[in-house]
Amino acid sequence: MVSRVIPVDEFDLVIFGGTGDLARRKILPGLFRRFLAGQMTEGSRIVGAARSDLDNAGYRQMIRDAIAEFGGAEKDDAGLDGFIDRLHYVAIDATGEGGWSALSDLVRKDVVKAFYFSVAPSLFGALAERLHTHGIADADSRIVVEKPFGRDLASAKALNDTLATHFSERQIYRIDHYLGKETVQNLMAVRFGNVLFEPLWNSHYVDHIQITVAETVGVGGRGTYYDTSGAMRDMVQNHLMQLLCLIAMEPPSVFGADEVRDEKLKVIRALQPVETHHIVRGQYDATDDAASYRTDVENPRSFTESFVAMKVNISNWRWADTPFYLRTGKKMKGRASEIAVVFKDLGHSIFEGDTARHRNILAIRLQPNEGMDLQVTIKEPGPGGMRLIDVPLDMTFADALGEDSEPATDAYERLIMDVIRGNQTLFMRGDEVEAAWAWTDPIIQGWEARNDVPKLYDQGSAGPEDAMMLMHRDSRRWRDIKS
Ligand code: NAP
């Protein structure tokens, strides 16, 4: 089987913040892989734009170095020159007037035009306005914006209003890179492309659903930013809620941008407010050889959470009585992102002496080893009679699909190709983002009003003990995070 790569239309992609960390680590190495795959049509160009005083040659060298450092196994010296030739640079200050006419001269009228705002959100307004006043963007141009999309409902609304001044919603691509992950898209293929799952996808058959995004790293160099954000804003409001929506949504009539996003929005609107005792906040503690969260963020009195676990209920017919348990944290025992759909027990076992609780579990792994497994109950092999054991039917994509699994394909490159194709299905719509903040805001405001102190947890653990209790109280338990 050979993977089919369909070239996208010829484009000019301008990356504001083209010298920044995201551009060098993710966007440009990703575009290079798409170039190597043959997806970038001849003539397509990428323009880096930032304040740094560089010319084309200087920028090309910067990106050569970035690809050497972050490009991974896909580095292909023969292809690299061809890709580097596609790069241009314009020195521009988002808030000033210099450089804009040079950009205007460079960007062509007759190709797909996309403008990636890989800069601080405070610059979005200035960029949007100048793109408009200098006549660089037109009604078909696409604008790509990054998280964080606001830090509460009011700021998200303000950002939406700023962008809406010059661009229509169908031009705006709000990136949540979790939606670009292969497994997340596969979740929809599995759910809606098979007769097997959809009849069981409801509270009659599903006991509960767990969504875990565990990281082993701490705040790294993002301490100052992270301390003003925390796990709830940085992970739950966007990534975990997007995953929850895709699991919980009703089948859209077609796999189209508005159809899918309408269904996701209905899920967010059906989320019940979370009760205080259904949330656990945590902060990682110091060990003998590793600093605490507070030391990492250089804020000895920080009350910001580096971990959160919560029980969420959805008020609709499909999910009444099926809780969703979400957890995410830093410095945990393993790096694992997983959605587990835990089906109900059989009401009765016909096998004598079989008292174990056998459960079918569909586990969708986002990382590591992207894939799915379905836990099923079978007879233990051998002559010992009808003893039952639970085994996973494993479908690791790299094994099942071999070379076609494209393991190195990153979420960013898929999403950027969708921008060029004009497909918004995997991007968040403005009303979705606002609805997500409207649900998250009261939780965060409650913590702030109470000066809520997060529970300390050991680095390398599964989070605070109270997070275990959240499940135990319901006679359930978290799935193990593999170290
Ligand atoms: P960064 O490393 O600080 O880069 C910021 C970029 O913006 C640089 O290229 C900088 O270049 C440019 N810039 C700053 N002020 C400017 C101005 N007035 N006019 C024009 N360009 C200006 O930030 P980053 O990590 O790449 O993040 C970019 C955006 O992506 C942020 O909104 C961030 O929250 C988001 N994001 C980043 C990551 C990540 O992994 N890095 C992940 C998710 C989301 P000059 O200094 O040369 O102007």
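Yeah, the Cβs are placed from backbone N, Cα and C, and that goes for glycine too.
Of the residues Asp161, Asp234, Asp345, Asp354, TrEMBL places Asp234 in the same substrate site as His177, Lys181, Glu215, Lys330. Taken residue by residue with DSSP, Ala23 (NADP(+) binding site) is part of a helix. Across the residues of the domain 'Glucose-6-phosphate dehydrogenase C-terminal' (188-479), the predicted structure has a mean pLDDT of 93.
Each of the recorded positions Arg51, His177, His239 was ranked by the number of other C-beta atoms within 10 Å, and first place falls to His239.
Neighbour count (other Cβ atoms within 10 Å of the Cβ, all protein chains): 24 for Lys330 (substrate binding site). Ligand 1 lies within reach of Gly17, Thr19, Asp21, Arg51 from the binding-site residues Gly17, Thr19, Asp21, Arg51, Lys181, judged by a C-beta closer than 6 angstroms to any of its atoms. Long-range Cβ proximity for Asp234 (substrate binding site), meaning a same-chain Cβ under 8 A and a gap of 6 or more residues, is found for Pro148, Tyr226.
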